[in-house]
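The structure under discussion appears below in the form of structure tokens.
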């Protein structure tokens with residue numbers, strides 16, 4: 001998503017002019033073009049490593065704005081840390097979370113989704129949304145464990 005498209009979306013979604021900020025745009029572009037979950041601190045540190053001077057509060061406020069706009073989703077996993085993930089359309093996914101290294105793998109499984117719909121229907125329950133997280137060890141950590 002390019003900067004001009006995003007700024008236009010901000011204005012339409014918020015129905016008011018939004019002060020353009022090169023730093024906010026940098027946060028948005030970096031975040032939206034990565035396929036991973038970030039805490040505010042992780043995103044702040046990665047942008048700082050690129051030698052950009054940016055405040056922690058700019059990163060925090062930008063991620064909150066993206067969440068309000070539906071372009072980011074908040075996730076709190078077992079470790080209790082608030083992370084944000086980019087939202088690229090209505091596509092639903094679930095998570096595999098490595099308890100050793102913290103790696104988060106997104107996956108889609110139509111059979112699981114269908115089973116959840118059947119369970120809800122059987123109980124005459126209307127599901128608005130759900131989140132599924134499976135915890136264990138990723139392949140890399142399991143391999144290290146065997147050494």
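Please read every residue number as a count from 1 along the shown chain.
Cβ from N, Cα, C; glycine included.
What TrEMBL says about this protein:
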type	residues	note
BINDING	92, 94, 113, 130	Fe cation binding site
BINDING	98, 101, 138, 141	Zn(2+) binding site
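All features noted in TrEMBL, drawn onto the structure.
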residue : record                 : DSSP (3 states)
92      : Fe cation binding site : coil
98      : Zn(2+) binding site    : strand
113     : Fe cation binding site : helix
130     : Fe cation binding site : coil
138     : Zn(2+) binding site    : coil
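When Cβ neighbours within 10 Å are tallied across all protein chains shown, the highest count among the binding-site residues 138, 141 belongs to 138.
The Cβ neighbour count for residue 130 (Fe cation binding site), using a 10 Å radius and every protein chain shown, is 10.
Minimal Cβ crowding within 10 Å, among the binding-site residues 98, 101, is found at 101. Residue 101 (Zn(2+) binding site) sits 27 Å from residue 113 (Fe cation binding site), taking the C-alpha atoms as the reference points.
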